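Reading through the structure tokens given below for one structure.
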């Protein structure tokens, strides 16, 4: 059981519907930690079960490349629940997006090796992560990579089939069988995501950036080839007829990634196999030639030291650049464009210091009164942004009301009780979750209900959706008789039409 001496000088660094995240210092060890204060509306049983499941999963795991919850805390006074984690300075997405950072081959091998070792451990303990992406791969100043954010994770038994939801994994990293509606799957879905990450580390950008499930499936077919007729016959997947292209695509991974080292190309080719059983396992990937050929993976402790870089930092930099640009335009007599309410909400809640890193606007110092509080607690996650050329995140299946930090300045900092609850704590699990935010897309298909980050229960008891936040999902993603190409063209037309309408409305408002 971990004992803490309270916290001092902490500040809120993230906010979500069900949790706030704070950066804090343990007064006993002088160690910087990350704390999640989880909000429960009327202690809804479903939300409690959802969080308890994540904690249960994380208690199964114990590995250097998997984030570990250091303490689980409750406040007897406020009834709040807290998760305490090691504070990680970077995530893979933030580092890749940082200006001037380019990974070497030994560095890429080092990160990929650590990611696969973490996955190997998870799978050996019967855990599917189901949301592998750059922002969930956290990196410390010592170069050690740890898998975090187990909010979508679930347990599985290799020899027992149980229905699971296909509404998992951020869209750009989602395996084709999930897009086709599979409810029985295994470690292969994590291996597909790992393949996307590996290719992304070499290319410097996400390799398949679909805006919708239909478009994502189309991009997968264009890169990886469309499945054989035998695959379609055997699969019996719910959306198979919707996605099946009229004209088969040829696999072109070798041509697309011809600049990759041969051993890297061979591993990417295996991991991005359309057929799940051909992707292998984390163990087989670790034994591939990629990690045995020179240059060999470097030691994590020999990696360069970087300023703190996370997705959030990239967003802060982009926001600051936009602000400076707008100020320059105004200085030349230009007129600044009025921000939309959505844009204002997405602005980060930090200032930049001299090094271009985010500084919290507010911080407070408090000491813990050991006579008032003690206990055990619970978790949740933050969102995303767009990067210029690095590991980025597209559409997330995580519902914003479940696990998406909005990193906005909504409301005042709710910090009461943290320093007290933090003092006496017990075992724990998991980390500051780096979630993602799905950009809004104008227009919707005639038979599809366009939705933002959506987490559907779909019969999977391991995924929770608040009753008031549940969305009705459509049936077939492509209307009967239509083709994927027609659907994409129609989608593009609707987007362009929406853009034109927005410009016309803007012009009319200026004239008025």
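Even glycines carry a Cβ here, placed using N, Cα and C.
What TrEMBL says about a protein is an automatic prediction, not a curated fact.
Looking up the ranges 469-490, 491-512 in TrEMBL, the one annotated as region 'Disordered' turns out to be 491-512. Other C-beta atoms found within 10 angstroms of the C-beta of residue 36 (ATP binding site) number 31, with every protein chain shown included.
The DSSP breakdown of the region 'Disordered' (491-512) into helical (H, G, I), extended (E, B) and coil residues amounts to 21 helix, 0 strand, 1 coil. For the recorded site, residue 36 (ATP binding site), the DSSP three-state label reads strand.
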